Every structure is written in C-alpha cells, then in structure tokens.
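Student: Just dropping this structure here.
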C-alpha cells in the first residue's frame, strides 16, 4: 500500500511536472531497519530547464529492542492545480494512518530468542535434565560387561549391582514430591542433577575399592535421580497450560530416550578408546554445565520470573490449574481414591518391563544375539530412538484428540492401552525369531509402543490432582521403582535357573494385568482439589 502525499510549489510558475516516487511500504521498512538515517531528495520542475529540489529526512532511534520511525516518507506524486496556499480539502489521512502502522511494525521488531515462549524454555531444560539422567543411568549397562570380566562378577552379582541404583531411587520418590510441592521444582531438580552427577564420577573409584562401596555409590546416584520426576512434574504443572500438557510431558520424557541413545552410542567408543572408567567421568561432568544454565534461566513458577512477558504470564495463569503452594498433603483423600490406586498398580506393571529392557538389553544382545560390545551398544540405540519418536507422536495425538472434544479419560485410557498391549505383543514374538535383525526390530516396536504411556499414565497425575502432582508422581513412581528393583534382580535369578523366554513372559503377564486395571478404574477428571 502506498501513501499519497502532495508536493506543492509556492512559486508563481503553475504548470509543474512532479515526479512519481511511489514505493512499497515493506521495502522502506526493510531499509529503515538497516539504517539510522535516510535522506530522500526529490527533484521537481518542468521537463526542461532548471528544477527545484525538496529533501525529505527520515530518522530513527534505537532504544533496547525497539525502533521507532519518526517520519513516513513513502510518497506518490499527483498533478494538481497549484495555488498560493494549500487548499483545506487536501487531507493526508491515508499517509498518517500508514505512519502509525509502520511505527507499530518497527516497534514489534525483536530477536527471535526473546520472543520464544519461556514456558518452552523450561520444558527444554527439563528435557535436557532427563537426557543427562538416562545417560548417567545406562552407561553402567554397557560398562558392566568389561567390569564384570575384570572383577569376575557372576550374573547374580551383576543383577545386584544393577538393582542397587533403585535402592536410593526408591527412597526419594515421595520425599522428592513433597519437597518439590513445598519449596518449588527449581531447587529440587537442581539438587538432583548435581547429586547424581557427583555419584556418577565417583563410580570407578568405588568399584575398585570393592563391591559394597560400589553398591552404596550406585544407591546414592539413585537418590539424586529419584527426585527428578516429581520435581519436573511439579514445575511443569505451574508453567504449562492444560492444552499443551501431553506434548510438553512427551518431549521431556523423550529426553530420557535420547539420553539412552546417547549413552548407548558413545559408551562403547569411550570404553574402547579410554577404558570403562571414562564413561563415568565424561557423562558425570556434563551435569555442571546444565546446572549453571538452570540457575540463570529457570524459576519454579511464572509468578517468580521477573523477565516473563506479560502476555505469556496471562496465558499461563489463565489456563493453568496449579497456582497456590502446597502446605499440607491430604494423604487420606489421596489414598482413598480408586483412580490413584489404578495409577499406582499400572505404574508398577509398566515399569517392570521397561526397566528390564533398560538394564538388561545389552546383555541380551551380547548373550543371545551374539553381538560384541560395540554392536550391543549401537543396536540398543534403535529402540530408544523409536521411543523418542513415538512419545512425541503420542503427545501430539493426545492433545489433538482432546482439542477436538474427546474426553481426557478416553484419551488417557486409549494411549495407555497401546502402551501396555503393544509391548506385550512384540515380546511374545521374540521366542519365535531367530534372526538378530528381526529381534532388534521387535525390540524397537515393543519400546516404541511402550512410549505411548507418556500420554497415558504419565500425564494422568496432573489430570486427577494438579496441585499434588509432584507427590502423586512420587507415590506411583515408588511402585514403579519397586518394579525396577524386583524386576532387575529377579531377571538375574531367572537367567541362572531359566531362560530369556521366562523373563519376557513375566513382563507380558504384568502388561496384561495393567491393561485391565487401567481401563476399569482410571479417569482423566480432577478428583482431588
């Protein structure tokens, strides 16, 4: 759109030929953004002979992130009869309207990183914390192979070492949830990352000192990682609107899967090049980098962030349901609800199979499929990549269905049913497969369908008890951790007296039981205010 301004000469010579200098506002705005001062010289006069010049000066000022234009100089000439004075009928309304419009355009200019929603900065930081969480957890699954050869550990001892992580992990689930709900997720998650990073770095020293020391350090690492999920759930319940819940949680939990991919991919290389100790030193040191960023960028609540843009704060607080801090926990009310117990039982059933795959998969590839150390680590990557993709796909599907009018209960039940029956089906196929490639594909499909649980039971805590989501996740994840402790240790025992088919059959049975409990007793509606 071109503004129209009329140029008048107050000379006695009436018949002037005025030049057309019309232009497009967008191109002028682009030029103006790149220059602090623009001068436009216009020549007017008869086609021949001496003409006259009129100079338009356009200046701009820069203050912080905004630039404001003082004068709009995109003009278009037209021929008019020239008189000694400007007629009152001549109006520049169109030009002035464009001046206002251009000023608004210029004032809106700011770097993209300042416009990026702060709530998604928090989500991405939680994602990276969970990425480090699983990197530090799965490195033992690869390093345990050369370590068991060096220290002469049998399968039962390996199972004991793998399960010792869950001893500490179990202790801080409920405590971490209570702490996060009372003092805020920023402090609790920051503490957890620092704690487990230090424990990771100390692991090689403890292993060389003896088995009891290693068990204690691994349990200490579990203490740090145990507060991560309750703290994350607490902070996201305050930062993320309900309409973005499934997507945000799916992205954060996919950090765990990407962390597993990273750990499985880099651990064999580091072990071959620098020895098994190097994976613990290198992975553990990354926590300090994350902690520095977390201190500077994160806040437990949007109410605490002084730099949060007003429009985003309004969006969050209008659509969020968890605002006031928790002072007391209504344990009686929480434990009296059937959907809470459905969540607890289903979490146990789900984690039994998930943690077995997490901790024992490299050993399965090495013993059954005859992969070497490097191949075991690399082939473990595919199932976790599949989980990362499926988790985000499931989150997008769940939020889309809810936005189209499907009830939250229906969506949560559907997503979790896929998360139970999918792994159950594919694990039953492993006993009929002889090809290593098909076995890896079957594992990938099993864990890929498992990831739909992030939009099922893992999103349900904020549905049914948003103010107590940290405590509720700690409670249900305690059951999930018990499944990890018993399942990981029991797998070592089963392998000494049975086969891998027996290991998978136990997982399938629990998946089926969880499907029944979830579909009968769960809900997506808020039951605790």
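Each residue, glycine too, has its Cβ placed from N, Cα and C.
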Student: Would you mind telling me which of 248-270, 317-339, 409-431 TrEMBL tags as transmembrane segment?
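Tutor: Spelled out, TrEMBL records transmembrane segment over residues 248-270, not the other listed ranges.
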Student: Write down the single range among 276-295, 296-315, 436-455 that appears in TrEMBL as transmembrane segment.
Tutor: 276-295
Student: To which of the residue ranges 98-119, 340-361 does TrEMBL assign the term transmembrane segment?
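Tutor: From TrEMBL, the annotated transmembrane segment range turns out to be 340-361.
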Student: Give the range, chosen from 146-163, 164-181, that TrEMBL lists as transmembrane segment.
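Tutor: The listed stretch tagged transmembrane segment in TrEMBL is 164-181.
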Student: Determine which residues of the chain contact the transmembrane segment (340-361) at the Cβ level, with the cut-off under 8 Å and only residues 6 or more beyond its ends counted.
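Tutor: Here the qualifying positions are 137-138, 141, 162, 166, 260, 334, 380, 383, 416, 419-420, 423, 427, 443, 446-447, 450, 453, 457, 460-461, 464-465, 472, 475-477, 479-484, 486-488, 491, 503, 506-508, 510-511, 513-514, 517-518, 520-522, 527.
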Student: So what's near the transmembrane segment (471-491) in sequence-distant terms, Cβ-Cβ under 8 Å and 6+ beyond its ends?
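Tutor: Cβ under 8 Å, 6 or more out: 159-160, 162-163, 166-167, 169-170, 173-178, 181, 226, 229-230, 233, 326, 329, 334, 340, 343-345, 347-353, 355-356, 359-360, 457, 461, 464-465, 503, 506-507, 510.
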Student: Taking residues 6+ outside the transmembrane segment (164-181), which of them lie with a CB under 8 Å of any CB in it?
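Tutor: Long-range Cβ neighbours of the transmembrane segment (164-181): 137, 140, 188-189, 192, 214-216, 218-231, 233-235, 325-326, 329, 355, 467-468, 470-475, 477-478, 481-482, 484-485, 488.
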Student: So what's near the transmembrane segment (248-270) in sequence-distant terms, Cβ-Cβ under 8 Å and 6+ beyond its ends?
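Tutor: Same-chain contacts beyond the flanks: 119-120, 123-124, 126-139, 141-143, 232, 236, 240, 278-279, 282-283, 358, 362, 373-374, 376-378, 380-381, 384-385, 387-388, 391-392, 394-396, 451, 454-455, 458-459, 462.
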Student: So what's near the transmembrane segment (188-207) in sequence-distant terms, Cβ-Cβ under 8 Å and 6+ beyond its ends?
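Tutor: For the transmembrane segment (188-207), the list is 126, 129, 132-133, 136, 139-140, 147, 151, 176, 179-180, 213-214, 216-218, 220-228, 230-232, 234-235, 276-277, 280-281, 283-288, 290-291, 294-295, 298.
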Student: Could you give the residue numbers and ranges of same-chain residues that sit at least 6 residues beyond the transmembrane segment (120-144) on either side and whose C-beta is under 8 angstroms from one of its C-beta atoms?
Tutor: 158, 161-162, 165, 189, 192-193, 196-197, 200, 203, 218, 221, 225, 228, 232, 235-236, 239-240, 248, 251-260, 262-264, 267-268, 271, 276, 279-280, 283-284, 286-287, 290, 293-294, 297-299, 358-363, 373, 376-377, 380
